[in-house]
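Undergrad: Following this message is one structure expressed as C-alpha cells.
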Amino acid sequence: MALQTTNTWETLAQLLPSRNHDQDFWWKVTGRQLAVLLEAAGYPIERQYNTLLFHYHWAIPYLGPAPASGVAKWPSQLSVDGSPIEYSWKWNTKSKAPDVRYTMEPMSEFTGTKLDPLNQRAFRELLHKLSQFVPDVDLAPTDYFMSTLFDHDRSVLMKAVDDGVPLQFSSTALAFEFLDKGLLLKTYYAPRKLETGHFVLKDWDTAIRGYYPESKALDIVYEFLKTSPEGELMNPYHLAVDNVKDGRLKFYFQSPHRTFTSVREILTIGGRVQREGLEEQLLSLRDLLNALTGQSPDFPEDGEPPIVEEDVTADLDTDGHPELMSGYLYYFDIAPGAALPEIRFYVPIRRYCKSDLDLAQSLTAWMAANGRGTYCQQYLDLVHSLAEHREISKDRGLQRYIACLLAKNGEIEVTTYLAPETYEQVRRSQKTAV
C-alpha cells in the first residue's frame with residue numbers, strides 16, 4: 001500500500017501555524033511529499049523533523065504563488081508542468097542508505113516583473129539569509145558567476161518586459177542535499193544573452209577560467225571537447241557549484257547521441273579514465289540502460305534505443321533547448337586539484353519508458369539483482385504515493401531523469417529525479433470537477 005503520509009508530517013501539520021494561502025498550499029503538497037520521501041529512504045525520525053522544519057521555514061516562503069489554474073504564471077524549467085521544485089532519490093549502495101535532495105527555483109511576488117525580469121531576486125535573497133544560518137556556506141562562487149554570466153543592463157531587460165519579449169526561462173536554481181554530515185547547498189546557473197541567445201563554449205570558458213584559472217581537470221575537458229568526435233558534438237548549457245569553500249564545479253553538456261558507444265566514450269573521456277574494474281562497471285551500466293529503455297541484454301552498443309513517443313512538452317523544461325530531450329545529458333565534475341573530472345550522465349527517461357510503473361519495476365529489478373534491493377519496495381510505494389492523481393501503469397513523466405556515475409570504488413551511483421506535478425494535479429482536478 002502506498003504511503004500517503006507519515007507520523008512526522010501529521011505531527012507537524014497539527015503544530016505548525018497557518019501563514020497564508022500560497023504558503024499553506026505549498027506546505028500541504030510539497031511538505032507531505034518530502035515527508036514520504038524521507039520516510040521511504042529510512043531517515044531517522046530526528047532528521048525527518050529537522051529536514052521538514054527546514055523546508056517549512058526556508059523553502060516554502062520562496063515557492064511563489066499557489067496554482068490558481070493548471071498553468072504556471074512563471075513556468076519553471078525544473079519540471080514539465082512548471083512546478084518550481086524537483087526531488088531526487090540517490091539510490092542506496094550495498095553499504096549506504098539512500099540520500100534525498102530537492103532543487104527549487106525560488107520565486108516571489110515580483111518574479112517576471114520589471115523589478116525582477118529574470119527571477120533572480122528571490123534566489124539571491126534566500127541565499128543571503130541561508131548564509132547567516134547554515135554553517136560553512138560560501139557565496140563567493142555565486143557572487144562571481146552572477147556577475148559574469150548575466151546581462152546587467154536593467155534598462156534593456158525592463159524594455160523587454162514592456163515590449164512583451166518572453167523572458168520566462170529559468171536562469172538560477174538552488175539545491176538542498178540532506179546528508180548524514182549536514183546540509184549541502186548547490187547553486188545552478190543557466191545564462192542566456194538577451195540579444196544573442198544561449199552561451200557558446202567560448203563564453204563559458206571566459207567565465208569559468210576567471211574563477212578556476214588553473215585546473216588540470218578542466219584542461220582535460222576542453223581537450224576532449226576539441227579532439228574527440230563525440231566531444232565535438234557536445235553542447236554546454238549550464239553549470240552548478242557547491243557553495244562551500246573549495247567546492248566542486250559541475251559543467252553540464254548535451255550529446256545528441258544515445259548509443260552506448262557514445263556513453264562509453266564520454267564517461268571514459270576518450271579512454272583517459274583507466275582503472276581496475278572499469279570494464280565491469282561499464283557492462284553493468286549497459287545492462288541497466290537496456291533494462292530502463294526496454295531493450296534486450298544483447299542490444300548492440302552502437303544502437304539507439306527507440307523513443308516511445310515524441311515528447312511534445314520538451315520545450316517546457318529545457319529553457320528553449322528542445323535538443324536537450326533528444327539525446328543524453330552529462331556533467332563534468334571539476335574538483336579543485338583533481339587531475340581528471342568525474343562524469344555523471346542523465347537519461348531523460350520519460351521518453352523511453354512505457355509507463356512510470358514499468359520504469360520503476362525495471363529499475364528496482366536491476367537494483368535487486370545487483371545486491372541493492374533493500375529499498376526497492378519503499379521506492380515502489382513512494383512512486384505510487386507521489387502519483388496519487390494519476391495511474392502510473394498508464395502515464396509517464398513522474399520519474400523524469402535517471403542519472404548514473406561510475407564511482408571509483410566500483411559502485412554505480414544511480415539517482416532518480418522525481419516531479420511533484422503540482423500544476424498537473426490542479427489541471428486534472430479541474431477536469432474532474434467539470
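Sequential numbering from 1, following the chain as shown.
Cβ coordinates come from backbone N, Cα and C, glycine included.
Since the structure is predicted, the reported quantities are computational estimates derived from the model, not experimental observations.
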Undergrad: Starting from the substrate binding annotation in Swiss-Prot that includes Arg101, Arg248, Lys250, Tyr252, which of Tyr43, Tyr346, Tyr352, Tyr375 is the extra site residue?
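TA: For substrate, Swiss-Prot names Arg101, Arg248, Lys250, Tyr252; of Tyr43, Tyr346, Tyr352, Tyr375, the listed one is Tyr346.
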Undergrad: Rounded to a whole angstrom, what is the largest C-alpha distance between any two of the residues Arg101, Arg248, Lys250, Tyr252, Tyr346 that the record assigns to substrate?
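TA: Answer in Å: the longest Cα-Cα distance is 19.
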Undergrad: When you measure from the Cβ of Lys250 (substrate binding site), which residues in the chain that are at least 6 apart have a Cβ under 8 Å away?
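TA: Long-range Cβ contacts: Leu239, Ala240, Val241, Tyr331, Phe332, Asp333, Ile334.
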Undergrad: List, in sequence order, the same-chain residues at least six positions removed whose CB sits under 8 Å from that of Tyr252 (substrate binding site)?
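TA: Listed in sequence order: Pro236, Tyr237, His238, Leu239, Ala240, Leu329, Tyr330, Tyr331.
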Undergrad: Give the sequence-ordered list of residues that share a chain with Arg248 (substrate binding site), lie 6 or more positions from it, and have CB atoms under 8 Å from its CB.
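TA: In sequence order, the residues whose Cβ lies under 8 Å from that of Arg248 (substrate binding site) (at least 6 apart) are Val241, Asp242, Asp333, Ile334, Ala335, Pro336.
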Undergrad: Can you tell me how many other Cβ atoms are located within 10 Å of the Cβ belonging to Glu86 (L-tryptophan binding site)?
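TA: The Cβ of Glu86 (L-tryptophan binding site) has 23 Cβ neighbours within 10 Å.
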